[in-house]
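Now, the feature entries from TrEMBL:
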BINDING   Cys17, Cys19, Cys37, Cys40  Zn(2+) binding site
COMPBIAS  82-95  compositional bias 'Basic and acidic residues'
REGION    80-102  region 'Disordered'
Amino acid sequence: MKADLHPKWYPEAEVVCACGNMFKVGSTKQLIKVELCHKCHPFYTGEMKFVDTLGRVERFQKKQEKAKVSLKILQEKKKKKEVSEKEDRRPKSLREMLLGSS
């Protein structure tokens, strides 16, 4: 068997909640950070609580705004490309064909 196969075990690992509550458990990590614990979880407290983890709502709204802006830019590029393709497809005059100017 391989030596040192199992991870190190910390019998007094600290769990720190976002509400400030701390307690100890056994774990393979020395420090564990959680967002909810038995002191602040709505199931245990009976109170409804909105939890916005790391500003996810704001981050989603920023992504939506960026998507709108990029969509407008893409539409403008597409229009410009269509116009240039129309000019390329138009019949050229004899002078343009001979001189090679567009």
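Placement of Cβ uses the backbone N, Cα and C atoms for every residue, glycine included.
Counting residues of the compositional bias 'Basic and acidic residues' (82-95) by DSSP class, helix then strand then coil, yields 10 helix, 0 strand, 4 coil.
A Cβ within 8 Å of the Cβ centre of Cys17, Cys19, Cys37, Cys40, the residues given for Zn(2+), is found for these other residues of the same chain: Ala18, Gly20, Asn21, Val34, Glu35, Leu36, His38, Lys39, His41. Around Cys37 (Zn(2+) binding site), the same-chain residues six or more apart in sequence whose CB sits under 8 Å from its CB are Val15, Cys17, Cys19, Asn21, Phe23, listed in sequence order.
Each of the binding-site residues Cys17, Cys19, Cys40 was scored by the other Cβ atoms within 10 Å of its Cβ; the lowest score goes to Cys19.
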